[in-house]
Structure formats: structure tokens, C-alpha cells
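Asker: Dumping the structure here so I can ask a few things about it.
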Amino acid sequence: MASISPPSSLEDLDKDVELGKQRKPQLTQQQRDLLEASEPPFTEHVSPSSDPNDTDGGQLEKTTSAKPSLTNIRFVPNGGLRAWLQVLGSFFIYFNAWGIVNTFGTYQTYYETALLASSSPSQIAWIGSVQAFLLMVVSALGGPLYDAGYVHHLLIGGSVLAVLGQFMLSLCQTYWQVFLAQAVCVGVGTGAMFVPGVAILSTYFSTKIATATGLAAAGSSLGGTIYPIVFRQLQPKIGFPWATRVLGFMMLATLVVSNCVLKVRVLPEGRRRFLDLTAFREAPYLFFVAGNMLAFLELYNPFFYVPSYVIESGIAGPDLAFYMLSIINAASTFGRIIPGYTADRIGPLNMIVPCTFLAGVLCICLAAAHAVGPVIAILVLYGFCSGTLVSLPPTIFVHLTQDRRLIGTRMGMGFAITSLGMLCGPPLSGAILNKSSFTYVWVFGGVCTVAGSLCLLGTRVTKGGAGLMTKV
């Protein structure tokens, strides 16, 4: 008689085997979960028999594989130590990716008054916008490398480039040197390491994905809060070069944590398609991408220009002006965690639409704020509302994609298109500022963000209908 190895398949096979008609013992649910968590391929073999009385020849051989599948959310951990460690690692990726982008307003003000005083605000803004553009574009282009298994190559390579660019920035003296170090080197590095930080979470969480993503995305707000304060406190005391190097050492220390804890659970089967043009035939996806691009076109106006605005308008002195950016980012921390937690209960689209609309209205209100109190109040509310636009889009891309194998493709396409708004928005506002005043900068930014919220509303209606109580 052929021997049968102990059961190790996740499927409850209940059938008679021709050689002896032995039934495979059933697995309990706890055993199934333990087998799924261990993640090796599980193989069942019926080997040739050595029994001389076996007249069937013992030639039956059966192999089954039960590796974790990206398309099967039934066995997604949705919690546990390893899953929450991925959130921690992703948190520090956001901390050093979008956190550095959120810090650029501090550099914008410093460059306008010191290192790059001969350059216009629009020219300086190109540094920050190209950095943000490359972050999103490189993350989109790096998707296929992630799917091919080059996760730690992206993490390590991106971390090295980001830290290297920050240290090289401390040696820069001219505009083109700053552009290459801060915009290109840091932008490419943060884009490369951002891919694993976003993609890994969707393989560890399903029903709690918005909460997990919101907690991770809070890292960008915390980075945007801490980095400006550190730079402002150290720059007058130890100079621009060493203040910049201190930020580089902070990046190095926190990125080591991410590289140590981020672990791949499952990768897509087969090669991922670079483009999925059928997505643009789906109204919800089309509206969502258009809304994101319009919103991000001017979403970062306050992050780039508020410090200069309060100084030039006489609202506050340089000391308080530099902390305005930290105020926005601190409020944005809560705007990523709380809406993310709420989105798991009422739906991410129901959360992002009103928050984006309010962010646009608040940006317009800055044009009428001429005292410290109103400016700070608006910035706190703006930071909270704008935080949803960074934390929730990855979750929404997951909800808009029926085939989970295409999540990476569609997310990458969406980020690439959104990055065009990030690229053009801040320099366009700088050009408006050169020809007019901050009033038109705030109004233009608010109108673009409100227009984006209307497109996001189109996504909500075409995906879930017009019912207010529908979870979408």
C-alpha cells in the first residue's frame, strides 16, 4: 500500500484515495491559521510503494501547493505583532518621504532670504515640487520591481540615496547643486523606498487597512513637525551645513528601523502589468485620479508659502513664522489617524470628500486672515483636513480595484498622474506670487482643491450611489 505523508494542505480534502480509501484528517480552523501564518509551500506526496503486495504499482504521486495568495483575503492576518511591525516600518518610511516634502516650506523661506536669495520664489519652489514629483513617479515605476521580489533592494537603495542627498545638500552653494541633491537625489531615493512602505501593508491588513495606513501616514506629519523645528533651532547656532547633516543622521537612524522590520508576506503571482488602460473606462477610477491631481495641484501651497506669507505680511516674525509649518503638520497627524480609523467604519470615500472640500475652503480663507490668531486657527483645521488626502488614497485604490492582482498597477498609474499636479502646483503659485500677491495664491489654491473634491464626489456617487448612508 502507498504511504501518505501527514496532511499539510490548507484545503479540507474529503475524498477516498484509490489506494486504500483512506480519508485525510480534517484540520481545525486554528490549525489552518497556523499553517497559513508559517507561509512555506505545503506539499502532499503519495510516493511509489515498496510493498511487494501492492499490485497497483504505487505510481500515484500528488503535489499540491498552498502558498499565501494575494487574491485571497481570507487568510490576511489583519493584526498580530508582525503585522503591526510593518506599520511601524511604514511609519518611518512616511516620516522620511512625505515628512521631508512637508518640511520644504522651511527651506523655501531660508533659500529666499539666504542661500538662494538671487532666485525667485517660483524657481526655488521647483526644487520642492520636483522632489515630490519624483517621489510619486519613482514609486509608480518601482512597482514592477517590488512585484518581482526586489523589495529590500528598493528599501536599501532608496534609503542610501535619500540619506546621501541630504548630506550632499549640506555642501551645496549654488542653485543647480541644491536642485541635484535635494530635488533629484532625495526625490528618487524617497520614491524607491516608498513603494514597499505602501504596498506591504495591503498584504497584512484587510478590514483594518485604513486604520493601518492612517497610522503609517501619520509619520509624514510627525516628520514635517519635527524636522522644521530641528532645522530652525540648529541653523542659527551651528549653521546651515551642520543643521542639514543633523537631519541626515535622523533620517539614517529611523530608516534603519524600517529596513529591519519590513518583511514581505506575499507577492503577486506572475509579472505585473505596467499599465491597465481598462481602468480609465471605469468612472469611479477616472474621477478619483482626476480629483487627486486637481487637489494635489495646490494642496501644498500652505506648506510651501505660509512662512513667507506671515513674514512678508507682517503677521509674525521669523521665529514664529518657521513654526507655522510645524503647526500644520502637527494638526495633520490627527488628520491622518482619526479619518483613517473612521474610514474603516463609514467608508474612505465618505471621509475624503468632505475633508478635501473643507481644505479648499480653508485655503481661500487664508486670504482674509491678517492676524496671528486667525492664521493659526485656519492652519490647524487645514492640516487636519488635508491629512486625509495623503493617508486615504492608497486605501481607496484598493477599494476601487476588484482584481487584487492589479492593485499595484492601478495605484502606480494613479500616483503617476497625481504627481503631475505636485510638479506644476507650487511653481505655478510662485509665478502667480511674482505677478500679484498672496491673496491670489490662496484663492487659486482653494479653487483647485474644491474642484478636486467635486471629482472625488463623482467617484463616491458612481461607486456607491447617491445614498448618504451607504458605506463607500
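The backbone N, Cα and C atoms fix where each Cβ goes, and this holds for glycine too.
Features from TrEMBL:
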- 1-63: region 'Disordered' (REGION)
- 82-463: domain 'Major facilitator superfamily (MFS) profile' (DOMAIN)
- 83-104: transmembrane segment (TRANSMEM)
- 124-143: transmembrane segment (TRANSMEM)
- 150-169: transmembrane segment (TRANSMEM)
- 175-202: transmembrane segment (TRANSMEM)
- 209-230: transmembrane segment (TRANSMEM)
- 242-262: transmembrane segment (TRANSMEM)
- 283-300: transmembrane segment (TRANSMEM)
- 320-339: transmembrane segment (TRANSMEM)
- 351-369: transmembrane segment (TRANSMEM)
- 375-400: transmembrane segment (TRANSMEM)
- 412-433: transmembrane segment (TRANSMEM)
- 439-459: transmembrane segment (TRANSMEM)
Asker: Might you confirm whether the transmembrane segment (283-300) is in contact with the transmembrane segment (242-262), defined here as three or more C-beta pairs under 8 A between residues 6 or more apart in sequence?
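Answerer: They are not in contact.
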Asker: Is the number of Cβ-Cβ pairs under 8 Å between the transmembrane segment (320-339) and the transmembrane segment (209-230) three or more, considering only pairs separated by 6 or more positions?
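Answerer: They are in contact.
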Asker: Could you check if the transmembrane segment (283-300) is in contact with the transmembrane segment (412-433), meaning 3+ Cβ pairs under 8 Å among residue pairs at least 6 apart in sequence?
Answerer: yes
Asker: Counting only CB pairs under 8 A, let me know which of 175-202, 209-230, 351-369, 439-459 has the most with the transmembrane segment (412-433).
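Answerer: If we count Cβ pairs closer than 8 Å to the transmembrane segment (412-433), 439-459 scores highest.
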Asker: So which of 83-104, 124-143, 150-169, 175-202, 351-369 has the most C-beta pairs under 8 Å when paired with the transmembrane segment (209-230)?
Answerer: 83-104
Asker: Output the single range from 83-104, 124-143, 175-202, 351-369, 439-459 maximising the number of Cβ pairs under 8 Å to the transmembrane segment (150-169).
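Answerer: Per the Cβ count, the answer is 175-202.
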Asker: Restricting to the same chain and to residues at least six past its boundaries, which positions have a Cβ under 8 Å from a Cβ of the transmembrane segment (175-202)?
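Answerer: Distant contacts of the transmembrane segment (175-202): 86-87, 89-90, 93-94, 96-97, 100-101, 107, 111, 115-116, 119, 123, 126-128, 130-139, 141-143, 145-146, 151, 154-155, 157-166, 168-169, 209, 212-213, 216, 255, 258, 262-265, 394, 398, 407-408, 411.
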Asker: Taking only the residues in the domain 'Major facilitator superfamily (MFS) profile' (82-463), give me the average pLDDT of this model.
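Answerer: Summing pLDDT over the domain 'Major facilitator superfamily (MFS) profile' (82-463) and dividing by its length gives 87.
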